[in-house]
Amino acid sequence: MKVTVVGAGAVGASCAEYIAIKNFASEVVLLDIKEGFAEGKAMDLMQTASLNGFDTKITGITNDYSATANSDICVITSGIPRKPGMTREELIGINAGIVKTVSSSLIEHSPNTIIIVVSNPMDTMTYLVHKTTGLPKHRIIGMGGALDSARFKYRLAEALGAPISDVDGMVIGGHSDTGMVPLTRLATRNSVLVSEFLSEDRLNQVKEDTKVGGATLTKLLGTSAWYAPGAAVSGLVQAIACNQKKMFPCSVLLEGEYGLNDICIGAPVILGRNGIEKIVEIELSDAEKAHMQESSEGVRKTNGLLAL
Ligand SMILES: NC(=O)c1ccc[n+]([C@@H]2O[C@H](COP(=O)([O-])OP(=O)(O)OC[C@H]3O[C@@H](n4cnc5c(N)ncnc54)[C@H](O)[C@@H]3O)[C@@H](O)[C@H]2O)c1
């Protein structure tokens with residue numbers, strides 16, 4: 001199993017590290033445009049192999065896509081991250097050009113690859129890859145919901161005073177401060193609905209804290225977060241590589257599901273060796289449907305900024 005990660009910055013390197021530590025891939029290629037940067041990150045990571053006990057071979061390369069040839073999975077993290085006070089949507093000008101060039105170079109050398117898009121604004125970047133590459137929809141996956149759901153579970157556990165392993169929950173919709181739809185109605189603590197333990201006000205607070213999860217970290221760090229994003233990507237890569245058939249919310253091209261068409265937005269999917277093996281449609285409440293509709297309008301507005 002060969003995995004390429006484009007962008008050896010904070011998220012790309014963290015993603016490569018988690019993939020290696022989980023020890024399921026034979027090879028990870030890190031590629032960056034900055035001279036020597038990916039080579040340095042790869043060498044540093046390889047020097048953790050004997051300490052962390054993994055056999056995955058990590059190599060770094062400066063902008064030479066022949067080194068990525070025949071990758072089973074390619075992850076795109078290249079592009080600029082947001083600074084405090086910025087929205088993800090403001091990154092579109094620079095990142096759209098980068099994602100378009102990078103995805104076409106990857107496919108040239110790995111025509112059968114599955115692509116995972118991480119660069120922001122992620123739903124729009126995923127849509128851009130659909131519109132410009134012609135890859136079938138099950139091989140283009142946007143990572144946002146897996147991270148937002150992890151942040152949701154963190155906030156739920158905090159509110160409940162419970163260990164995170166007791167908590168389950170999911171965030172669907174757009175990967176933006178206003179677009180996320182945290183499904184508090186369905187979240188559980190060890191199979192009991194969290195509404196049994198938490199007031200409506202407290203649950204609304206959890207929802208709001210989840211939606212600004214990325215912005216909160218960007219304010220603290222001065223740039224966007226990387227550990228949880230890297231771990232979330234590694235979870236998707238592992239589900240595909242190991243044919244796990246795990247369910248994650250991912251940005252996926254919808255064709256009628258959730259009443260939406262011609263848009264990439266977060267919905268639950270089953271991930272296995274073929275990429276997206278199924279889109280799972282769950283019954284939403286009227287309020288959730290309205291929130292999903294509003295979220296889709298936000299994503300479409302950003303999609304409208306693409307020069308397609
Ligand atoms: N989808 C998510 O949930 C999520 C989470 C966190 C960050 N992000 C996004 O991921 C992206 C990367 O964030 P980061 O914190 O790692 O940024 P970073 O600046 O640390 O790393 C980005 C890397 O991309 C490289 N790069 C730029 N143009 C390139 C090109 N054409 N080819 C190859 N490499 C190129 C840069 O040299 C840099 O090393 C940002 O757009 C950020 O907003 C998404």
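Count begins at 1; order follows the chain as displayed.
Cβ from N, Cα, C; glycine included.
The active site, proton acceptor annotation in TrEMBL covers H175. Taking the Cβ of H175 (active site, proton acceptor) as reference, residues of its chain lying under 8 Å away and at least six apart in sequence are, in sequence order, R88, N120, P121, M122, D123, G142, G144, G145, L147, D148, S251, G266. H175 (active site, proton acceptor) carries neither a helix nor a strand DSSP state and counts as coil.
Spatially close to G9 (NAD(+) binding site) yet at least six residues away along the chain are D32, T77, S78, P81, W226, judged by Cβ distances under 8 angstroms. Annotated NAD(+) binding site per TrEMBL: G7, A8, G9, A10, V11, G12, D32, N95, V118, S119, N120, in sequence order.
What TrEMBL lists as substrate binding site is R82, R88, N120, R151.
TrEMBL lists 1-142 with the feature domain 'Lactate/malate dehydrogenase N-terminal'.
The domain 'Lactate/malate dehydrogenase C-terminal' annotation in TrEMBL covers 147-298.
Across R82, R88, N120, R151, which the record gives as binding substrate, the greatest C-alpha separation is 18 Å. Ligand 1 lies under 6 Å from the Cβ of D32, V118, N120, out of the binding-site residues D32, V118, N120, R151. Among the binding-site residues V11, V118, the residue whose Cβ has the fewest other Cβ atoms within 10 Å is V11. Per DSSP, the domain 'Lactate/malate dehydrogenase N-terminal' (1-142) is made up of 68 helix, 28 strand, 46 coil.
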